[in-house]
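A.B. asks: I'd like to ask you about the structure that follows.
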Amino acid sequence: MTGWRPALLIAWRDALRHKGRSVLVLVMISLPVLAVSAAAVVIKTGEVSGIEGAERRLGAADARILTEGRGRIVQAPDVSNGEWSFIGEADYDNPATEDDVRGVLGADTRLLPITSGWSRARLGDRVIDFSTTGVDLSDPLTRGLFDLETGHLPQAPGEVVVNDAMITKGFAVGDELEVGGTTLTITGGGRDATDRTQPIVIGSVEDLVDESTNRREWLVDAGGPVSWSTVQELNEIGGVVTSRAVLADPPDVASMAEQMGYDTGQDEIFAIVALIVVMALIEVVLLAGPAFAVGARRHARTLALIAASGGTPAQSRRVILGSGVVLGLVASGIGLVLGIVAGWALLPLVQRFNGEWFGPFELPWLYLLAIVAFGLLSALLASAVPAWLASRQDVVAVLAGRRGDRSPRASTPVVGLVLLGVGIAASAYGAVTSDSGNGALWIAGSAVVSVLGMILVVPVVVSAVARVSGRLPLTARYAARDAARHRTRTVPAVAAVAATVAGVVALGIANASDERQNEMTYTPQAQMGAGFISWGPDLLPGEELADAATTWTRLEEVARAAAPGVEVTAVQGLNDVYDPNGYTTTFIEPARGMQDTCCLSVYGPTVTVADSAADLGITGATAEVVDRTLAAGRAIVFTGSLDGETEATVRRETWRPNSDESDVETTPGVAAQLVRWDPADSSPAPTSAILPTALADELGLDVTTVSLRLTGDLDEASETRIREDVRGAVDGTYLYVERGYERPDEAVIILLVLGALGGVLMLGGTLTATFLALSDAKPDLATLSAVGAAPRARRRVAAAYALVIGVVGAILGAGVGFIPGIAISRPLTAGSGSNSAAPDGPFLAIPWLLIITIVVALPLLTAAVVGLTARSRLPLVARLD
């Protein structure tokens, strides 16, 4: 019996003979292969980068050049993700011209201008936002940028085409829309090469000008490839270049990263991927391990006969490893085929959640082969330990009908404890150096080391449980001792449960700590329990704002009627104006302490007009200062730390579209008082500054209602009624009620997903090991029935066995999960929030409910499921060993 052929034949026949166990292994290994293969197919098909995406961005051009200023640029070969930057000073007022570009590419180079921007148009009572592209679609260089489906391309000024997303919004061929004061007619519709969901309008560069005054862009017909050296020449004059030739044959990324002064992150990415693969491999190996252990037990006599006939330990190992090869190849093949089919079937669904069009169906063969290798390797590793132990069995004992398992080495748990110590030290080092080094990688690596150490400790723990089970009932005692007696079957199951629980606990602690930080550093947007109604209608050029006084009166009436128990107060102030002609803001600039006024008011007007603190809900000692100051006719400017009298300037700035400078109106010499807003107050200041009514009138300022303040019995039902009614009455209204920090649904969903995932893996591992154990123990259980044991004894044994595996694994896993969980919480929560009164991190929170559920409730649930589903009666069989 030489070579692998006999071993593989035995493994194949054994797989066909024991179909249940074979199917179990196939499922354990093929499922992750299927899932990862499907994900790889979807990701590869959805990824349109490099030369594959050249036609989408370049059309039929050789290159696309963008310039926003004159200066030296360093860029990546593919700048689609914005990977470019100026090196040194840049002259943004003097970008490169067409002559500059031709000076590099040659005088015969043809440049087709292309512009991009954003605009808005009204459709009925809605305002639609869309992007604009100005380019001559009749030019051959644009072939591939837009696929016309209906109508015709623009043939004259004032004509545009739109993509499917604009049609979906409600526009149609023949409709008119205004962009930048120009009326445009839609002459056609079709599919944009890249964007699927973003509305796009394409017309001439004269009708759709670029949103930036210093931005110039061209599609380039260079008469040949634009090489990387030519790209670098264009970089010297400020050109950002997307070259078809460079996309097809890009230069070395590492050298580019060094020039640009950034790290590619490839080492970190490789380390993270490796850690994920290792952890997944460990989990799959541990889940499939019990099945191979039972198979090795079934082959014990066969292997003993081989050894007695002169076979070597290596030949015995091949028999068990052959099962890993056969089942691993079959499982990987099944998982690969089903994964490809699943990926293909999922593409339409995934496409619905992606804003860009996918590329053609593509199979990443290199990744798929690696995934198949992962499946085969996991099967081999799962069978490695049973194969090694089977080759070391006592041949004489097995042939005599006794168990031939040898005692485990005493050094194994010692090595496990050492690895646990190394894991703790590595996680501590990672937590301490997280601010300056690769702390996260150290912590992730420590998790792997800790899990490996825990696996080596499991045999000792299982044996200890068996030794202390003497006072337990018969079924529990039998289960504990049987688990210790068949360690090759029990240890992988316990370790699989422990590894699952460790991951759930670690991620749970990280998530809970992150939520704790969010809660502790939460900055209220308004005073606790108060609400504000604001109004900001969408306006387009040429449209007039509705009468503000009438609108606010209407909103106040609607709010009072919706919730009579809520007090509605109109807040007066200097309104910040947002309209198509520009943005106007008014603020008070003190002669000193201006930098100390930042970020005190989060929600509400910048400048309010009031005659008492009560009008704005200000209470306590600050209210007394505010009332005295307003009574004295002085303006109030809230600061973070300064007090005292000063002079201030009322400054009004208007920012116009396509302008880098604002129009400024100032009124200096205003008597003001700096008032320190206590940062320990849990609520922000209701405004940045307050003017008394008399002073505002004296300065000739336009005072109007800027918001409605809601107080009183503002419960959630009242909030809902007010929100629905005011939105129905006036477009552009918004209601905000401050209720303190509320845990987002995403955080709850994460915990639920962690619990569900842990439960599924824990249940799967426990059920697998339990039913394999029951199958292996049929002779013993049949003997129990023969000597008078009740039919329910087998159910109790099954439940007890599941409980032993679940409880031991959960306790070990929870302990190991604390190591990376606590460590990762430090770098995760080290920062502080915007609230200056909030404590600095790091923060630590333990999700005890999740842990108790995983450690206590799930093992009990698993035991109950096993006890209810196990067979009660077995036919009497002869004991063969």
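Heads up, the Cβ atoms here are built off N, Cα and C, so glycines get one too.
From TrEMBL, for reference:
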- 23-43: transmembrane segment (TRANSMEM)
- 269-294: transmembrane segment (TRANSMEM)
- 276-394: domain 'ABC3 transporter permease C-terminal' (DOMAIN)
- 319-345: transmembrane segment (TRANSMEM)
- 365-389: transmembrane segment (TRANSMEM)
- 410-429: transmembrane segment (TRANSMEM)
- 441-469: transmembrane segment (TRANSMEM)
- 490-510: transmembrane segment (TRANSMEM)
- 748-774: transmembrane segment (TRANSMEM)
- 754-870: domain 'ABC3 transporter permease C-terminal' (DOMAIN)
- 800-825: transmembrane segment (TRANSMEM)
- 845-870: transmembrane segment (TRANSMEM)
A.B. asks: Verify whether three or more Cβ pairs under 8 angstroms connect the transmembrane segment (845-870) with the transmembrane segment (365-389), leaving out any pair fewer than 6 apart in sequence.
C.D. replies: no
A.B. asks: When each of 319-345, 441-469, 490-510, 800-825, 845-870 is checked against the transmembrane segment (410-429) for Cβ pairs under 8 Å, which one has the most?
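C.D. replies: Between the stretches 319-345, 441-469, 490-510, 800-825, 845-870, 441-469 has the largest tally.
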A.B. asks: The domain 'ABC3 transporter permease C-terminal' (276-394): mean pLDDT?
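C.D. replies: Per the prediction, mean pLDDT sits at 81 for the domain 'ABC3 transporter permease C-terminal' (276-394).
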A.B. asks: Give residue numbers and ranges for long-range contacts of the transmembrane segment (490-510): same chain, 6 or more residues beyond its ends, CB-CB under 8 A.
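C.D. replies: Distant contacts of the transmembrane segment (490-510): 279, 282-283, 285-290, 293, 382, 385, 447, 450-451, 454-455, 458-459, 461-462, 483-484, 751, 754-755, 757-758, 761-762, 765-766, 768-769, 773, 805-806, 808-810, 812-814, 816-822, 824-825, 828, 844-847, 850-851, 854-855.
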A.B. asks: Helix, strand, coil: count each for the residues of the domain 'ABC3 transporter permease C-terminal' (276-394), based on DSSP.
C.D. replies: 98 helix, 1 strand, 20 coil
A.B. asks: Please list, for the domain 'ABC3 transporter permease C-terminal' (754-870), how many residues fall into helix, strand and coil according to DSSP.
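C.D. replies: Summed over the domain 'ABC3 transporter permease C-terminal' (754-870), the classes give 91 helix, 0 strand, 26 coil.
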